Structures are given as C-alpha cells and as structure tokens.
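What TrEMBL annotates here:
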DOMAIN    B:89-278  domain 'ABC transmembrane type-1'
TRANSMEM  B:25-47  transmembrane segment
TRANSMEM  B:93-119  transmembrane segment
TRANSMEM  B:131-164  transmembrane segment
TRANSMEM  B:257-277  transmembrane segment
C-alpha cells in the first residue's frame, strides 16, 4: 500500500495559452470524498488535469503532501504516480483502442513492478473480479465491450497500482442512467473498502451527495461555494448552487427550473455570475465579491444572506436585455 | 450509414470483399498489384528469355516486332522486351519498397516524436521538414542524383530524401491529436515513461493514415524513379528499368513502337494499381 498524502491546490490559476480557465483555486483532498461541482466549461476538468500533474499551473502550486508537484524529483514523481490515479469520463477514451482489457491492466501492473507472466495473469483476473467483471473479458478490446464494462476496466486499471487516491472526472456521465447507478455503487464500495481518498468531479448533485463529505461548487473557473456537502446542498448560499440544485429534475416533483436567468457568458467585471443571477444588484457589477465564511461554509457572493434566507430574488440593477423576466 | 437501401449491395458482397471492405476498383488495383509483385518475384522462371534481363545481346534479332516468339518484340540489341519488362518490375518494385521503407521509417519516427513532444522539439523537427518540403521534389532528387553516381541506390536515396518530410508532417499532425486522447493521459498518470508511451500508444494509433499514404505514394515513387532513370540519373545499362527502357526506346517510337510502349504501359499500370488501392484504403478507413 502506498502512503496516504493530501493532494491539493493553493491559489492555482490555470490557462490554455493566454486564456485563464481556472482562477486562484485552493482546495485539498485527503481521506474521504471531495466533490467538485459545476457546469461544463467551469474549469473542473482542467483543475483535475492539474491535480494529476498533466497540466502545469500558470501560478500557484499543486501540493502532494508537503511538496510542490512541480519540484518533485524522479523518485517523488513515481511515488506520486502510484498514489494518485484518474478515472476519466469515458472508458472508450481512457483505454487504448488497440489493447485488450487485460493488456491495459497489465500495463499498469508492470509500470512500477517487475512481474512474471503467471502473476500478471492472476492479478489481472483478480482486479477484473474486484470491479465485478468476468476475468474472461481480459481478452476483449474496448470496442467489444459495453460502456459500463469499459468504465469498470478503467477503474480496475486505476486500482492496479494500489493508489491511495482517485481523481474521478465525471466517471458516470457518459453512461446510461441504470449503469451510472451501478458504477457509483462500485466506486462507493471500493473507496470505502480500500479507504481511498477521492475527488469526484461532476455536474450531478445527487452523485456528490452520496460520495462526498465536502463539496466545492465552481463557476467560470472560480470556487463560488464550498463546505460540507449536506450544508451546501440543503441550504445553498450562492445563487449558482441554488440554481444547480433547482435544475435537478425529480420524478413526480415540480418541473426543474432553469439555472439562472439566462445562459449568459460569465461577466468580465464584478461578479462573474451576475448576468445570470436573479439576486444581482448594482454592487455585483461594481465590485467582485471576496470569499467569506457564512453559516458553516465558504461562499463568494455579496448577497449570500438573502439567498440563505430563502427570500425571493429582488429586482436588481441589471434587469434589461434578453435576460429580463417575461411579463 | 445504415440506410435500408445500403443493405442490398452488402448482401451481394463476396466474402473477400467483405473482409477487406474495399470497393470494386480498389480490389482490382490490389489484384493487379499482386500480379505485378508475382511477376517480379517469378521473373527468372516465367520470362521467356531470362538471359535478356541482363547484358545479353542478339544483334541479328534487333527490333523485331511482336510475334509468337517475342510477344512484346525485341529492343535495339535484340533482347526480348517482355523478359525485360518482367525483370524491370523487380527493379521498380524494389525501388518503391526501399524508398517507402526508408522515408516511411524516418518520417514516422521524426513525426511521432514531434507530434507527441510538442514544444521546441516539435518546432525544430518541423522546421527542418519544412526546409526539405520547400524544394521541388524532383529538383532535389535531380540535384542529389547528379552529385551521387547514377545507380539504383542513388535513385532510392534521392527520392527518399524528398519523400520523408511528407510522412513526418502527416505523422506529426496525427500523433499530436492522438497525444490528447484519454488513453495517453491515462498512461502518463500511470507513470509510463514518455518513450514507452510513444511506442506503445501514440505510434500504433497514428499509423493508419500513414499506411494509406504509403500505398498511395507507391505509384508516385515508381514514376519518379522512372523519370530519374529516363533522365539518365538512375539505373543504367544493362539494368532492366522501365524508365530507362522508355528513354532508350523513345526515338524509335514512330518506327518500332513496341520498344517504348510496353515498358511505358508497365509504369502506367503499376502506378495506377498503387493509386486505386490507396484511394480505396483511404475511403475504407474514412467510413
């Protein structure tokens, strides 16, 4: 077993070319689950790539234990690779289309350890069993398997190096609903059994509720609200969290409400969410909110109190244009 | 893709065509190419006058028109043109295979490294490639062929020198896109060393378009090789080479048409076979 170190970011800003997509994010993953919630384009996956050491931060540091990931030597890096493993959105992407499931898992086994043919074969079968697959599937290529099977193989591959932590980047969003539930069950069981820390990236709030004690909500590359998952989801203090929660369709419930007023792009000045925010007032345009602690979570919103109190949104200063409510 | 109407032709497909998934024309190209390869391999046994593949001369039989004894007639020194066309297939195919192998290996190796590594390494490799691409291919081949002694080897070196940059560029662009795929990230996260990632994951997943291009280019190489030999910069007497035979026979075209026509036809047919096969492969893989 590998040592269990904390993985986290400190004031990390990430950019592709000159476009920053993640701004000054600080979070950490130790034992237990941490959720990272946000819509597509909010920078979740980019942040995950930085945590996995696939993308260097423009500024800030990614920390593994007490060390900066960028300054790890050869040995430290190998240790980091063994300890932190990803599960990506789509098993058909994460597995080499030309390799059988067995070969993909064996590659993980032999990257850090020498291993005889016999032992390799046995470990592959064992890992496939652990993710609920028939060991005979080892001979199949990705296109000969279902989406759920591929994702299980990807999980088995991640487990092969006996990591202490998983970075789960939308691990179920490419799957059918019924398969999603089973993969979540599997992940829940595996992380509990093996005591794995995990960061779960998703746009699905229900998933976070099950697997994560702590959650961070991201909008436009910034963490806008973070705290215990129960607190954040039960009583959102940020209008974006509220919008996300109310947009979840429930069977037999009220039809979901649209998230925010429009799908307007993040604002360049002031609060980035203001163009979509029903609570927005003049202050939100003039002044970017700073993160502050409120009611057991950290939130970045001028009007968090109003959101928390459940008051209906009051007409703000920017009710014009296509986002204005219809009469 | 699976419109109801598309089912009928599928059912009519022969097993062979279903396996390869190629259209009729490409299949014809493949068969033709296979026959040419077979003829090249078996030349010493199927050529009616095997000695005429070399330096034999039969002054009394010079420039006989096609007949039962000499289907394609004879050339200026009395050699059987059919025999020389058959032996010429060996030279042409050898040149084609050697050029494609050398330029393919060099181009793919540089391309896959450039595509995966990105950054300054990619810049350096691609700029060198651009320099080679900036010369007109035939001109560069000509220059090289002039500097080196005219021979089959010279032809191979000269053409390979102008051919590899295309494979480098093609492979680099494919490899760069493969490098962004999830399985490459996944291998990096495992800590697989970069050279192994390139060999195990990037290279095998980048090869398909290169293989198509190689088969498309076979015809072009044969044409270029023939052109160099035609210009006296490649194969020389008594090597049986189609371009050389065309060059030697061209002045006789109005009186003794066979000496130039049959080797010319051989060039056309072989280039055609490579092209339709390559085109078919491309169409097949685009589906």
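From the backbone N, Cα and C atoms, a Cβ is placed for every residue, glycine too.
Note that this is a predicted model, so its numbers are computed, not measured.
Ranked by number of Cβ pairs under 8 Å to the transmembrane segment (B:25-47), the listed stretches B:93-119, B:131-164, B:257-277 are led by B:257-277. Within its own chain, the transmembrane segment (B:93-119) has Cβ neighbours under 8 Å at 36-37, 40, 125-126, 129, 152, 155-156, 159-160, 163-179, 194, 197-198, 202-203, 206-207, 210, 214, 217-218, 221-222, 225, 270, 274, counting only residues six or more beyond its boundaries. Outside the transmembrane segment (B:257-277), and at least 6 residues removed from its termini, the chain residues within Cβ reach (under 8 Å) are 25-26, 28-30, 32-33, 36, 63, 65-66, 72-76, 81-82, 84-85, 88-89, 92-93, 96, 215-220, 222-223, 226, 242-243, 245-246, 248-250.
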